[in-house]
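**Q** From Swiss-Prot, for reference:
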- 22-243: domain 'ABC transporter' (DOMAIN)
- Gly57, Leu58, Asn59, Gly60, Ser61, Gly62, Lys63, Ser64: ATP binding site (BINDING)
- 244-549: region 'Unknown' (REGION)
- 346-415: domain 'SH3b' (DOMAIN)
Amino acid sequence: MNYTVKFQNVTKKYKMYNKPSDKLKDLFRKQEDGVFHYALSNVSFEVPKGEIVGIIGLNGSGKSTLSNLIAGVTMPNKGKIDIKGSAALIAISSGLNGQLSGIENIELKGLMMGLTKEKVKEIIPQIIEFADIGKFINQPVKTYSSGMKARLGFAISVNINPDVLVIDEALSVGDQTFTNKCLKKMNEFKEKGKTIFFISHSLNQVNSFCTKAIWLYYGQVREYGDVNDVVANYRAFLKEYNQMSMEDRKKFQEEQVLQFQHGLLQDYAKETLTNPRRLKGERRKYKKKNRVILGISLALMAGIISVGVYYKDIFPIKQDTQHVKQAVQGEDTNEAKQDKRQRVEENMYMVKSNGINIRKEASASSEKLAVANFGDIITIFDDNKSKEKDAEWIQVSLSKGEIGWVSTKFIEPFKSNDSIIEDAKLADITALLKRVYGENMASAPTYFGKTLNELKATYPQPLNPLPSMAGKTIVKDGNIQFGILQDKVVEVVFQDISMSIAKLHELLGKESLSNDVEKNYFYETKSYYIAARSDQTHREIQSISIVKK
């Protein structure tokens, strides 16, 4: 068959580590052993030249992994991929260096794709005209919005003229005018017989533009064929899926993960599992390697301690006796404060996931009172519990004296720990957002404690009211949302910010708590709770909630 792209039994998995030191230990272990995330499993298909293939599926089904494999960004662990010609990936900020300007990124990406310097200079005016981002073309890409990154990435990729074009959600962040321009350019590629992979959650765009479709389902190809048939079947599945409650969805997802061997799995070599003697030998080797690692670690620690003692003798540390005396005098007061805080924290729980319903009764079919997201802190009501089938529910206090019920599967006891960061870290976040989204981002936290009338009177832009959430009054201006409780601003949420997870960790450091599956991160400062929530479609932090303690 005259194909352009061919996948044969392709599997892609990622090794999971709990902490950075595990990567060092992995040097002494068998690479086949450990916990892996299976993004794709045994995927096979062929795409003829000139086809436009839509890739659809739920979040986390492997769409972006598939696009990276086609574009050669990553390599498969098993199976074979055959691409005839060059492939270019268009995704939000894909292949763009945030420290370089737009012009410099054009030159760099062109050279990386094998173009000569003369050819790059020739296409630069076309790329600038298509991207249409004005004076920002000479600014660092890190100052761009998501839409501007998508514009530049799309303009570069289509003007490099690849044989295979992979578009991963790049049209989801632009305005309608730019989207129409992109679709027109894609139709030109279509007429030239180019092969295009179009990844999108917009089924209408997929249906109208594509000739075929691949439905990815928990890392496997559930259906591949005519776009009308595949999209129709996927729509029917979505209709049934969207009618499920959040609790039913969680249960359904767990069942499908087990059935399709998708997600986090423990890997062992088959020969080892089927041979008890071999398994015993592997365990002995593993213990021996652990002893070697332990010996090296102890030697390093001894060396560090020796150096520390040596320099301590050379540079004696002065003791602040006055500070010690004050600490002793205030010990009783601090203990009383800690006891009081502990009693409060015993009733505090944190929500572990996004979109969790708080219901009127202890039942998944009961009326929904509110929706809680990862990082929300809730207070239980007298530790009242109830069981419904296999689910346990606990009674929680809402605002304005309301009482609701939430499944204990989605909450966990919350206690402050030693990972509290400085309040000043919040300024680093707002300073970064200010460069991209304007002055209002930096000033937003200054409105904590203001009444709704004071907020409206002092905020520089009109505030639009939204439906209340968990008893809180919600008002919004663009990317900034305020939550008002008991007529005081208690929460500020920055939305649609598209911040990389690496950048979040660079600014705030190690999180106190996290949901590694959903890529959500929780931080605590002296005065605030900070919840950074991701959108798995874009694999970036999309919102940051700041709550005053």
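Yeah, the Cβs are placed from backbone N, Cα and C, and that goes for glycine too.
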**Q** Can you tell me how many other Cβ atoms are located within 10 Å of the Cβ belonging to Gly57 (ATP binding site)?
**A** 22
**Q** Three states by DSSP: which one describes Leu58 (ATP binding site)?
**A** coil
**Q** Please report the three-state DSSP label of Lys63 (ATP binding site).
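**A** Looking at the DSSP assignment, Lys63 (ATP binding site) belongs to a helix.
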